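J.: Sharing a structure below in structure tokens format, with a few things to ask.
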Amino acid sequence: MKHIRHFTPFFVLCLVHVCLVHANYAPYFFDNGPSSTNGNMALLSLSEDTSVGTHVYTLNGTDPEGDPVTYGIKFEAGLRRYFAIDVNFGNVTLIEELDREKEDEIEVIVSISDGINTVDEKVRILVTDANDESPEFINTPYIVHVPEDTPSGSSILKTEAVDRDTGSGGSINYFLQNIHTNKFTIDRHSGVLRIKRGVTLDYEKSRTHFVTVVAKDGGGKLRGNNKVFSATTTVTINVEDVQDTPPMFIGTPYYGYVYEDTLAGSEVLTVIALDGDRGKPNNIHYSLVNGSESSFDINNATGAISVIKSPNQLKKEVYELKVQASELSMEGNASVYALATVIIRIVDLNNHPPTFYGENGPQNRFELTMYEHPPEGEILRGLKITVNDSDQGANAKFNLRLVGPGGIFRVVPQTVLNEAQVTIIVENSATIDYEQFQVLSFKLLAIEVNTPEKFSSTADIVIRLLDTNDNVPKFSSDYYIARIPENSPGGSNVVAVTATDPDSGLWGEVKYSIYGTGTDLFLIHPSTGIIYTQPWAVLDAEVSSKYNFYVKAEDTEGKYSLAEVFITVLDVNDHPPEFNENIQEKTMIIGSPVKIEAVDQDAEEPNNIVDYSIMQADPANVFDIDQSTGEIKLKSYIRSLDIIHNITKNKDCIWSLIVQAKDRGSPSFSTTAVLKIDITEEMKSRTLHKGPMAAFLMQTKDNPMKALGVLAGVMGIMVMITIIISTVMFWRNKRSNKIMPII
């Protein structure tokens, strides 16, 4: 009994546990309907253009006990796995591309588990269509044979294209490219190809037509955009020939020739005709309708026309034959026909070349002497030329032309039939120049035009030119520049000018002369052109250094040209420097220089540049002189009269210097002068510096004429001022009728 009491609690606990375990309920999915994006995926629809990697659905369910759940997705064996799932959150992702045209439904097994119980459900996912397929033509290639007499509007072929999409994306419309230039049309719904209304086919114009047919679907959505797809195919339409065209002659118009030595029975020419229906041509039968006058015959099968009489029996020069070409049917009956005209000429043999004649019979050389530069259009009447071909008709037709320097003369006529008088006309007068050509030579050529032999002949044309005075003397330069030293003696050559005249004889001789304002000192040799100075001429650069004038070159008839001459007279050092006075007196204040100046009358440097120097001074170490300016000053150590008294015993401080002015010419010239300098100190002269007038008198001590001139000027100014004041006062008093005293 005791053991039973201990066992009873344990047994009760086990029984309670077993009851709890058997009471655990299975989890379940929410069923939110086909339009929901979460639940059990039942009746889910996906477009086939859904991108791989897209989150397409969320599995969603619960456990009655509130335990956490996990999700799963499985596919039956052998089926493609389109989805992957997040087991904890139930997010379903597309991992394979969808294609409705291959698989429009997908079966999957979705599961939910609470760790103890697992619930599986088989669901079906619908794949909806997207417009991702292009139309595709079937039963290609399209080749059709159509007789050329097929009535317009007739259907000749049915094209067909399929599109595996559904809805508007799978519907197809047909149309043609280049419809306006096409002979065909197509039914947009059925794809039936027809000949356009009012259009006919013609084998002879076009045997094959190529038509491009376009099949286009109705469009639809693809990845969010509206897409339209199309396809093209080419239809080859071969046109079959039908007997509907008459024969056609080839190589018209027809011309034939019978020559004087042609034998009777000889073939003259062959006409050719072809059936206009080239696909299945009929045989052609040839016949002469009229115009033969029993002189010609034709081969009925080949079209060869023959002369059946000898040429001397033919009465006409030209025969016009009518030839008929008829088609022969399969039964041998003549049906449609065509006519052609054949022209046959009777001609003689070409056995005479063209021949040139002069006044005395056949001639192959003609000569003429004439002056140069005749007027353009003038006829060379001295040439008497006739040309003749003794043949008849086309054999006597030939061309004339000149062979030689081009563009000078032209020949008339250029085309001759039988005989003509030859005329040669001047075309370019400027080229007929004696200075370029004394003799002009040409070949006059006559050559047959339309004969196989091309017989020809030539004649030499020789034209000798006579000179005329047609040129003006021309200088070798438009201007001449010359230089001559001023010390050149009279009659010296300056420059030689040259002019030439290409004319011959006296017309080519040149005479020179000069004229202008600058010719007084110059002459020119009339024949040689040497310009020289007058025998008495004295050139002086200091008076005039530039001369220019004109030189004329003139022929015997007065034709002339001009050139300009520029002559420069070169300076020569022929003037020495000159002082104003040979003995000069200067007052020098210690510390201030005095200046001497000499002038050289030469015209140019360096002849007129003067250098100064002290030639003699006693003592020699008292003064310095500036070589260029002529300024003389005391040595730098002499600053007072006391220093000067220590140097010399001369108490009056007056020095005599011998100064020299020398130019830089070659050879050089120089001049000397005696300069007396009175040296004084500034303090000693202050007594004179008590006013402007004193200062002025001090400054003009060495030039009294300058002082007198200045004083006279000042007095003149004062007189003028007095006159002006008096005049003003007079007019002022006159206006007021009073005479006022001048204050």
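Note that Cβ sites are derived from N, Cα and C of the backbone, with glycine treated the same way.
Copied straight from TrEMBL:
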SIGNAL    1-23  signal peptide
DOMAIN    45-137  domain 'Cadherin'
DOMAIN    138-249  domain 'Cadherin'
DOMAIN    250-356  domain 'Cadherin'
DOMAIN    362-475  domain 'Cadherin'
DOMAIN    476-579  domain 'Cadherin'
DOMAIN    581-694  domain 'Cadherin'
TRANSMEM  707-731  transmembrane segment
J.: Give me the DSSP three-state residue breakdown of the domain 'Cadherin' (581-694), ordered helix, strand, coil.
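T.: Final tally across the stretch: 16 helix, 46 strand, 52 coil.
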J.: Please work out the mean pLDDT for the residues of the domain 'Cadherin' (362-475).
T.: 91
J.: Based on DSSP, tally up the residues of the domain 'Cadherin' (362-475) by helix, strand and coil.
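T.: Helix/strand/coil tally for the domain 'Cadherin' (362-475): 4 helix, 58 strand, 52 coil.
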J.: Would you mind splitting the domain 'Cadherin' (45-137) into helix, strand and coil residue counts from DSSP?
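T.: When I sort the residues of the domain 'Cadherin' (45-137) into the three classes, I find 0 helix, 44 strand, 49 coil.
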